[in-house]
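Student: Have a look at the structure that comes next, please.
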Amino acid sequence: MKSDLWYFLLFCFQVEALTGEINDSTKSEMFTFHDGGVQILCKFNAIVSQYKMELLKGTEVLCDLTTTKENGNTVSKNPKFCQSQSSSDGVSFFLYNLDSSHASYYACQLSIFDPPPFQRKNISREYLNVYESQTCCQLKFWLPIGCAAFVVVYIFGCIFLCWLTKKKYRSSVHDPNSEYMFMAAVNTAKKPGLTGVTHNLELCGTQA
């Protein structure tokens, strides 16, 4: 049951890729959905032997990939945060576990080391809008309230149950038909007056 709830919360986060122009309704070529995350494709057609591709969120470098095509060596920065993969048409970065704080402009910055001269340029830049659905926002608002209400009701239920149990026990003790009633002590000693009366009756019978 708990796993189903977590899956539902994860699906509440919806990611929508938008271009830099607000009125542009064309499909984004930079962002695509991939295994619950977003694939950011940085395309370039230059023939280079060694280059570095950096993924920028605003002005912050999230991760980069350096490739030497002669040796086939690649070095990726921050592999835990984002994964990278080089291909014939460019470099792909994969971002996962996105939330609303990741909404920003993302840019691909290419640095060419070989062939010379050294060059650095931004080859693509688009805005990634990550928003939380209204259902998820309502759930995140009402879930703590519901949990708190459940705890309060549970505590009061336990208190009421204990009080009811004690009340039933006390009523069973004071009930005269209860098997737990204490038996009163009975005094079996004979009274002297009654004995005298008995003797007098015997004497009268003898005289007669």
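For all residues, glycine too, the Cβ spot is worked out from N, Cα and C.
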Student: Cys108 pairs with which of Cys42, Cys158, Cys162 in a disulfide, per Swiss-Prot?
Tutor: Cys42
Student: Among Cys63, Cys136, find the residue that Swiss-Prot gives as the disulfide bond partner of Cys82.
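Tutor: So the cysteine paired with Cys82 in Swiss-Prot is Cys63.
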Student: Per residue, counting other C-beta atoms within 10 angstroms of the C-beta, which of the disulfide-bonded residues Cys42, Cys63, Cys82 reaches the highest number?
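Tutor: Of the disulfide-bonded residues Cys42, Cys63, Cys82, the highest Cβ count within 10 Å belongs to Cys42.
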Student: Let me know how many other Cβ atoms fall within 10 Å of the Cβ of Asn122 (N-linked glycosylation site).
Tutor: 12
Student: What counts of helix, strand and coil residues does DSSP assign across the domain 'Ig-like V-type' (30-132)?
Tutor: 3 helix, 69 strand, 31 coil
Student: Rounded to a whole angstrom, what is the C-alpha distance between Cys42 (disulfide bond) and Cys63 (disulfide bond)?
Tutor: 13
Student: Taking 10 A as the limit, how many CB atoms besides its own sit near the CB of Cys108 (disulfide bond)?
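Tutor: I get 23 for this one.
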